[in-house]
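A.B. asks: Before I ask anything, let me first share the structure, which is written out below as structure tokens.
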Amino acid sequence: MESTTRTIAARKHIALVAHDHCKQSLLDWVETNKAPLSEHVLYATGTTGNLMQLKTDLPVNSMLSGPMGGDQQVGTLISEGKIDMMIFFWDPLNAVPHDPDVKALLRLVTVWNILVATDRSTADFLISSPLFHQEVAIVIPDYQRYLAERLPS
């Protein structure tokens with residue numbers, strides 16, 4: 001597939017997602033990084049987003065709960081170019097009923113070349129990068145060209 005570039009603005013749109021056993025860890029990370037996160041637009045799956053707002057007072061665009069379609073809502077935003085980065089603290093040792101949605105979400109961040117951290121160490125590296133507060137160009141699939149090649153003229 002051909003590729004093109006997309007510019008990620010200095011003010012990032014960040015998805016925050018956590019499995020049940022990882023929610024407290026993500027909430028602790030958000031609290032620690034409240035100041036830099038406050039400069040960006042935050043999205044989260046339902047339970048995580050609501051807890052985040054209660055504990056940090058940060059504005060969060062909350063989707064549905066992950067198992068109720070929230071993971072898919074975040075995936076849609078990624079596909080539409082509306083998410084620039086995802087912090088997803090997932091539990092690799094416990095299966096969840098919506099594992100196919102989780103796998104699809106991780107596939108989409110890879111397809112669309114979205115920055116993703118699945119643990120605190122990686123999230124710390126992302127948020128401490130000088131690029132976190134800068135405009136950045138990323139390479140993404142050229143979906144318009146992809147469609148043009150497959151549709152009759």
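Positions of Cβ are set from backbone N, Cα and C atoms, glycine also.
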A.B. asks: According to Swiss-Prot, His19, Lys23, Thr45, Gly46, Thr47, Thr48, Ser65, Gly66 bind substrate; so which of His98, His133 is the extra one listed there?
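C.D. replies: Looking through His98, His133, the residue Swiss-Prot assigns to the substrate site is His98.
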A.B. asks: My understanding is the cutoff is Cβ-Cβ under 8 Å with a sequence separation of 6 or more in the same chain; which residues meet that for Asp71 (active site, proton donor/acceptor)?
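C.D. replies: The answer is Val17, Thr45, His98, Asp101, Val102, Ala104, Leu105.
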A.B. asks: Taking the mean position of the Cβ atoms of His19, Lys23, Thr45, Gly46, Thr47, Thr48, Ser65, Gly66, His98 as the substrate site, which residues outside that list, in the same chain, have a Cβ no more than 8 Å away, listed in sequence order?
C.D. replies: Val17, Ala18, Asp20, Ala44, Pro67, Gly70, Asp71
A.B. asks: Starting from the Cβ of Thr47 (substrate binding site), draw a 10 Å sphere and report how many other Cβ atoms land inside it.
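C.D. replies: By my count, 18.
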